Amino acid sequence: MLGFLQRPVVVTADINLNVVALTAVGLLSRLWRLSYPRAVVFDEVYYGQYISFYMKRIFFLDGSGPPLGHMLLALGGYLGGFDGNFLWNRIGAEYSSNVPVWSLRLLPALAGALSVPMAYQIVWELRFSHCAAMGAALLVLIENALITQARLMLLESVLIFFNLLAVLSYLKLCNSQKHGPFSLSWWFWLTLTGVACSCAVGIKYMGVFTYLLVLGVAAVHAWHLIGDRTLSNVCVLCHLLARAVALLVIPVIMYLLFFYVHLVLLCRSGPHDQIMSSAFQASLEGGLARITQGQPLEVAYGSQVTLRNVFGKPVPCWLHSHQNTYPMIYENGRGSSHQQQVTCYPFKDVNNWWIVKDPGRHQLVVNSPPRPVRHGDIVQLVHGMTTRLLNTHDVAAPLSPHSQEVSCYIDYNISMPAQNLWRLDIVNRESSTEVWKTILSEVRFVHVNTSAILKLSGAHLPDWGFRQLEVVGEKLSPGYHESMVWNVEEHRYGRSQEQKERELELHSPTQMDLSRNLSFMARFSELQWRMLTVRSDDSEHKYSSTPLDWVTLDTNIAYWLHPTTSAQIHLLGNIVIWVSASLATVVYALLLCWYLLRRRRSICDLPEDSWLRWVLAGALCAGGWAVNYLPFFLMEKTLFLYHYLPALTFQILLLPVVLQHISDHLCRSQLQRSLFSALVVAWYSCACHVFNTLRPLTYGDKSLSPGELRALRWKESWDILIRKHQ
């Protein structure tokens, strides 16, 4: 039984020394003097703020992408002992001693370093030569822009890492499919493909492009499996189910998991709360939760409430009134009712309080027991501080003449009767007898006399309206819109019938101690929707560029300038690699079209195995470039050179593939192959020379003289020379 102890335990492993060497030089190139410069570099000023929020567990909203990337950066800060105390307000600001710069930049640097051996592995798994695989890895190694981006607290290198990992895992899966389908390694690579795709999407929304590419290639392969008559129906079904689970179900679960961890970590109220709904804000510690915690759940007749507009645009605001009236005559000559103004006010204020009144009774207090308000009930809304009733009538609104004016009714003893009855419409009700609930219910107020709906127009009133937001009665409302929907945010049961006592009551906070939380899926849905719809700053930036500028490297970004010397860091690519990669893409497209035309004429220039390898390489490499580049032409956002780096990486992988193809299939003689190899070596030498020339701008560790700076700005000098001769 214990006989195995009499023999030594032997473990054998195949170690590819090329991969080991590439990993080592990749780590050296990305980790060398990583904490330099010890200052905020370009977009570190934004990502650093989010890291501080994670350290302090304060909720924030970033519309640039899902939370995985931010959490990975925050993990580096956590491992380095960062407490979150640093003011991220200026590019170039020196880091204080409590900021672990090396730790914060470590994960992006590791991702950039590991991309080097992965480039080798991908080309090798495509069944090209070790020489071509080494060529791809060396190009990724010496590409200056990739090095610069990986050495900073930024996310592009992490996105590229997961993009490459997804492609590599899928290629490993395809190759293991031939030898041992449903083996342990087969399941590992299939699952890792799904995990890597979900991580790519979780870093930035751009990751969905690579995910769709992998899904497309997998769908084509699945279609071929269905047509394979050597496989039984059960086997084909198992293949399809396994791919569906790994490539569809697992990414969805992982994506939800990222948000779950994100929301668990960020449990405290912060500066970005206001854009979220009242229910979401109340689920966070502090802030609104401190005010609303334990409020009565059911709104009753006599309840004192604040009504927040669900739309939250252009800014979150609350239904508001004050003693000032609408002007008799507007600037455009139209007249008004001269009634008390009703607006939407973007700040907490005692004039935001309203009392829900039963039209059949005069009392403004809650009965015992409370009589809840239900869907379809007719109510009046009494302004708490002025005791005037919310009213609308057939008078044009001040800034929206096609809508009705909304006011608080003042009896001027003229032929303008009060029209202050509103029907409650609970939009998210589950039954026709639904009770109006604090925070949870989303309601519309439908005017009984005119069928107009209380709506936030979003327009800012002039100075007579204190620049507050206009509220109107929208008569023509065929569809549902969030600007017509309101929810109760703060709520208490009114106990005082006398106005003086009621005013004191409105000024005092509630004193209850119960809690009410949203489910995770409700919070996830709202947060995801806000992230997708929040408006980003689309203003022009000094270093913004267009997609056409990227291909020709007609732009760069000055990331950091030393305050006293001429040392600086620029995001500037290796021009030899960029131009050559673009040419390789064009050559691949032309050759593919040529081969397709000839195959249509039943002329096969390539053996079937070489043809399939050529097509798969193009689908993943040229396709990876296309899906990560072309969508930017449709985007209406401020774009920068670093947006091109994921596409560039795929283009770099294609370059040695095209070079090997030319050598193997287009060079007819040994002499031609030798000459072509010599040209490739010379070209690699030029790329290395450019890398070394741009190295001071990549690492920023050398003070440059004016002459050296002018030499590095060769493109600017060339443009000036051309203009002089025009």
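Quick reminder: no glycine exception, Cβ is built from N, Cα and C everywhere.
Per TrEMBL, domain 'MIR' is recorded for 296-359, 370-427, 431-491. Per TrEMBL, transmembrane segment is recorded for 15-32, 58-79, 99-116, 128-147, 153-171, 183-203, 209-227, 234-261, 575-597, 611-634, 640-662, 674-694.
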Out of 58-79, 128-147, 234-261, 674-694, what stretch is closest in contact terms to the transmembrane segment (99-116), meaning most Cβ pairs under 8 angstroms?
58-79
Can you name the far-off residues of the same chain, 6+ from the ends of the transmembrane segment (183-203), with a Cβ under 8 Å from a Cβ of it?
65-69, 72, 155, 158-159, 162-163, 165-166, 169-170, 172-173, 176-177, 210-211, 214-215, 242-243, 246-248, 250-252, 254-255, 258
Using Cβ atoms and a strict cutoff of less than 8 Å, what residues sit near the transmembrane segment (575-597) while being 6 or more residues removed from its termini?
139, 142-143, 551-553, 605-606, 611, 614-615, 618, 622, 625, 648, 651-652, 654-655, 657-659, 661-662, 683, 686-687, 690
Highest-contact recorded stretch vs the transmembrane segment (234-261), from 58-79, 128-147, 153-171, 640-662, CB pairs under 8 Å:
58-79
How do the residues of the domain 'MIR' (296-359) split into helix, strand and coil according to DSSP?
3 helix, 30 strand, 31 coil
Counting by DSSP secondary structure, give me helix, strand and coil numbers for the domain 'MIR' (431-491).
6 helix, 27 strand, 28 coil
Do you know the DSSP helix, strand and coil residue counts for the domain 'MIR' (370-427)?
0 helix, 26 strand, 32 coil
Counting only pairs at least 6 apart in sequence, do the transmembrane segment (153-171) and the transmembrane segment (640-662) share 3+ Cβ pairs under 8 Å?
yes
